[in-house]
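Encoded as structure tokens, the structure appears first; notes follow it.
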Amino acid sequence: MLEGDHDCKPELTNDPSSWEDQHPQCLQDVAKVECLRRKIKYYFMNPCEKYHARGRKPWKLILQIIKIAIITIQLVLFGLSNQMVVTFKDENLMTFKHLFLKDYVDGGIDPYAVYRQADVYDHIEYVIQQYQLLHNITVGNHEYEKKDSVYTPLLVCKDFYRNGTIYPSNETFEIDAHVDTECLRVYPQPVHEALPHFKLDFIRLISVKITFVLKAINLQTVRHRELPDCYDFTLIITFNNQAHSGQIKVDLENEVDINECREWKVTGACKSIYLTVLFDCLIIIMCIISFALCMRSVITGIQLQLVSKPKWFLLKHFGKELLWSDKLEFVSGWYILIIVSDTLTIIGSVLKIEIQTKVLTSYDVCSIFLGTGTMFVWMGVIRYMGYFKKYNILILTLRAAFPNVIRFICCAGIIYLSYCFCGWIVLGPYHEKFRTLNTVSECLFSLINGDDMFSTFKNMKQKNSLVWMFSRVYLYTFVSLFIYMILSLFITLITDTYDTIKQQQQSGTPTSELQKFLSECKDLPNSGVYRLDKNNSCFLNCFINR
């Protein structure tokens with residue numbers, strides 16, 4: 001019996017009138033509580049139970065299954081198209097290295113560099129000559145950039161200190177730290193002497209950069225019935241002499257801009273393009289419907305949470321307030337996840353349509369939206385699997401362990417960062433994996449997972465015995481602390497939560513005030529009490545008369 005209902009218990013008296021006539025308000029309160037209990041229980045039913053309770057078709061479940069299928073197909077088609085773009089970029093980068101870098105070899109272990117002054121001039125002249133002879137040597141459809149019918153020139157720029165005299169033998173130097181830049185323009189036609197009046201002072205030289213732009217069209221998409229893209233390749237070849245160590249490293253960077261072709265005509269592919277656009281429009285419509293249905297369910301849950309305020313039933317009938325954990329039960333995180341997924345998919349589909357019609361060329365942005373949206377829509381299916389006890393234990397374990405996991409990660413993260421900073425500053429000069437904070441973090445995370453452990457120990461340079469001994473203490477303590485202690489404690493944390501949830505499921509006892517409140521409702525879904533008709537206004541009255 002509810003604690004707050006002690007005044008509504010029938011008493012033994014000699015009054016011939018019935019107890020119902022004496023306590024009409026008590027009957028009304030009990031009816032309200034039972035009405036609300038059924039309404040909340042119906043809200044938490046799974047689609048099959050709702051079908052038996054009111055004959056309601058599981059439209060959201062059917063829609064999510066169809067949406068998963070078509071969104072996955074959309075992602076695969078876009079992925080294949082994006083793969084052609086990535087392949088075209090990578091192959092062009094390799095082509096440019098073979099065309100413009102003298103004696104370039106694929107997969108070389110040693111860095112591509114020059115060590116003599118004559119070699120520096122030879123490599124620069126080689127780049128310019130290959131640029132001027134591009135039409136005669138390339139097997140692709142590469143072309144020079146034109147602006148107003150004038151070819152864009154190749155730029156050879158050298159950065160050097162304004163003034164400097166260095167005498168290593170006397171251990172003296174004088175340097176002006178200001179950096180000056182001089183550039184030389186070279187046009188592709190006609191072919192002429194590569195470097196007239198171009199001299200380098202290697203004592204003051206910082207770097208030489210050769211910059212030029214080439215254009216190309218990706219024709220392989222035509223075979224897949226897609227409109228080709230026009231590419232602008234901005235090539236930057238850098239001769240890096242910042243260290244003045246006697247080694248000038250040579251690097252080729254390729255900055256790619258994808259543009260809409262100004263004039264194009266493709267026969268035999270338009271129908272396929274329009275069908276793909278219609279398919280994307282269908283996905284947008286389905287995501288909008290899914291968004292509306294899930295948003296309606298979220299609003300319904302919020303309304304139920306507002307109706308079941310502590311002052312209305314728990315505080316009045318149980319003498320307890322509704323906890324935040326119980327309040328959050330009314331706002332389903334799965335619906336929020338599906339709403340976010342639908343929003344991302346709609347934005348990604350719009351971008352995909354604009355890419356296919358060549359209005360935009362933002363492949364990377366579209367990939368992020370479509371990829372994240374597809375990931376969330378697949379994760380949203382776990383909600384429906386959670387209605388089965390054997391599958392639901394995973395979800396309950398993750399949800400119950402999440403607060404403790406966050407606290408544990410915060411504490412472990414502080415120790416992890418301390419090792420990152422220490423390893424970077426001490427071992428960085430002697431180990432390639434500790435040169436930057438990013439590589440240090442990646443290396444330590446790999447060690448936690450038992451990956452690449454031997455090479456991390458082996459590749460430590462033994463130039464300084466003190467640092468070498470410190471590295472051994474550093475690595476052994478990190479591995480022992482994180483693998484044998486922190487990682488084991490983390491697994492134990494999850495395991496204990498799993499055992500607790502499993503015991504609760506086996507015992508069947510309610511674990512929250514909300515579940516205790518709902519457990520008093522013994523009406524089955526097919527009992528008929530949940531159906532709405534004209535004569536049954538319980539679900540309406542419990543809102544109006546509260």
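Backbone N, Cα and C define each Cβ position, glycine as well.
Whatever TrEMBL says is automated annotation, not expert-curated.
Residues or ranges marked as compositional bias 'Basic and acidic residues' in TrEMBL: 1-12.
For 1-22, the entry in TrEMBL reads region 'Disordered'.
For 61-80 (among others), the entry in TrEMBL reads transmembrane segment.
Taken from TrEMBL, the feature domain 'Mucolipin extracytosolic' covers 85-262.
For the transmembrane segment (272-299), the residues of the chain that approach it from at least six positions outside its boundaries are 59-60, 63-64, 66-67, 70-71, 74, 77, 225-227, 331-332, 335-336, 338-339, 342-343, 345-346, 349-350, 352-353, 356-357, judged by C-beta separation under 8 angstroms. Per TrEMBL, transmembrane segment is recorded for 272-299 (among others).
Same-chain residues lying 6 or more positions outside the transmembrane segment (332-351) and placing a CB less than 8 Å from one of its CB atoms are 64, 71, 74, 280-281, 283-284, 287-288, 290-291, 294-295, 297-298, 301, 360, 362, 365-366, 368-370, 372-374, 376-377, 379-380, 382-383. Sequence annotations record features per position, and here TrEMBL assigns transmembrane segment to 332-351 (among others).
Feature annotation from TrEMBL assigns domain 'Polycystin cation channel PKD1/PKD2' to 359-501. On the 0 to 100 pLDDT scale, the domain 'Polycystin cation channel PKD1/PKD2' (359-501) averages 87 in this prediction.
Annotation comment: TrEMBL describes 363-385 (among others) as transmembrane segment. Within the chain carrying the transmembrane segment (363-385), a Cβ under 8 angstroms from the stretch's Cβ atoms is held by residues 46-47, 61, 64-65, 67-68, 71-72, 74-75, 78, 82, 85, 258, 332, 334, 337-338, 340-345, 347-349, 351-352, 355, 391-392, 394-395, all 6 or more beyond its ends.
The transmembrane segment annotation in TrEMBL covers 405-427 (among others). For the transmembrane segment (405-427), same-chain residues at least 6 beyond its ends with a Cβ under 8 Å from one of its own Cβ atoms are 434, 436-437, 440-441, 443-444, 460, 467, 470-471, 474, 478, 481-482, 486, 489-490, 493-494.
The transmembrane segment annotation in TrEMBL covers 473-494 (among others).
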Q: Report, as numbers and ranges, which residues of the same chain sit near the transmembrane segment (473-494): CB under 8 Å and 6 or more residues beyond its ends.
A: 397, 401, 404-405, 408, 412, 415-416, 419, 422-423, 426-427, 444, 447-448, 450, 453, 456-457
